[in-house]
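As recorded in Swiss-Prot:
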- Tyr186: active site, proton acceptor (ACT_SITE)
- 40-64: NAD(+) binding site (BINDING)
- Ser173: substrate binding site (BINDING)
Amino acid sequence: MNSVADTAIFFGKFLYYFLESLVFKVIPKRKKDVSGEIVLITGAGSGLGRLLAIHFASHGATLVLWDINQEGNMETCRLVKQKGDVKVFAYKCDCSSRIEVYRVADQVKEEVGDVTILINNAGVVTGKSFLNTPDHLVEKSFLVNAISHFWTCKAFLPAMVKANHGHLVCISSIAGLVGINGLSDYSSSKFAAFGFAESLFLELTMIMKTKVKSTIVCPYFIKTGMFEGCTTKYPLLLPLLEQEYVAQKIFNAILEEQVYLIIPKFAYVALFLKQIISPKMMIALGEYLGVDTCMTSFTGRVKAEELQMETKRKEQ
């Protein structure tokens, strides 16, 4: 009897949520108010992190900016302040260091308050084939792109759970859903970030903390210094995404409390095809679009800190 009741309840919920999703396809969700929210953005010193900071500043949020690049972070701080009377706090933080994340997190709690929207955006790209990637760069990719999410969530999630109010945002990648040639360390670290964020979303649902929202973002390559030189065979068919376009999409997804955001929508087709066609057909599609060779001309953004690290290692 219980199985019959459970089945009836399941189909009832399934039908309700299906109809609800159809309604929201036609009628946009009501966007939440983020004024007064304390928003922490990692990797805020440039690119997507900077643009997201500007969006939140325009809507009255208090900004907490983290980046290892202090100069870039202060420039973001300056741009944010141009939006008017905005509370903004900038901190230098190496997100690959658990000790430093916890230390700076304690400083934020003391000086600003409990973070209510956490955006794990910091990321690094090596852009080398697996056999040509030094061990320390593999570790760096995982520490920044995935493991740092564990430390930031450990630091700020307890207060959200206690208040049953908050929002976790994971900036993963389309490379966190589909493996890409030349991005073995980056892709696997983004798979890890996606898996962690999705598991955490389910954990929060199971403990009935439904007011702590999750948004998991998987964009195609963005036109930033991080993917400098990256291109496909037919840029008009599969172009790199503009930063402002992606930032606006992410900001809207947060305001609408959307759980999954994959950009562009063409990527949904690729994910569907991955499930139904043979690996050889997927490889043929990648060759046609030039995705398999997109990293061949990659140059990337080489930071001073990375150059210094490389020099020190060679001297040892």
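Note: Cβ is positioned from N, Cα and C throughout, glycine not excepted.
Values in this document were obtained by computation on a predicted structure and should not be read as measured data.
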Q) Does DSSP put Tyr186 (active site, proton acceptor) in a helix, in a strand, or in coil? A) helix
Q) What is the interatomic distance between the Cα atoms of the residue listed as 'active site, proton acceptor' and Gly60 (NAD(+) binding site), given in whole Å? A) 34
Q) 10 Å Cβ neighbour count around Gly60 (NAD(+) binding site)? A) 16
Q | Under 8 Å by Cβ from Ala44 (NAD(+) binding site), counting only residues of that chain that are 6 or more apart | A | Arg50, Leu52, Ala53, Leu63, Leu65, Trp66, Asp67, Asn73, Thr76, Ala90, Asn121
Q) Long-range same-chain neighbours of Phe56 (NAD(+) binding site), Cβ under 8 Å, sequence gap at least 6? A) Val34, Glu37, Val39, Ile41, Leu63, Ile117, Phe251
Q: Would you kindly give the Cα-Cα distance separating Ser173 (substrate binding site) and Leu48 (NAD(+) binding site), rounded to the nearest Å?
A: 13
Q.
I need the CA-to-CA distance for Val64 (NAD(+) binding site) versus the residue listed as 'substrate binding site', whole Å please.
A. 23
(Q) I'd like the Cβ neighbour count for the residue listed as 'substrate binding site', meaning other Cβ atoms within 10 Å of its Cβ, all protein chains included. (A) 25
Q. Which of the three DSSP states, helix, strand or coil, fits Gly60 (NAD(+) binding site)?
A. coil
(Q) Give me the count of other Cβ atoms within 10 A of the Cβ belonging to Tyr186 (active site, proton acceptor). (A) 26
Q | Rounded distance in angstrom between the Cα atoms of the residue listed as 'substrate binding site' and Leu40 (NAD(+) binding site) | A | 20
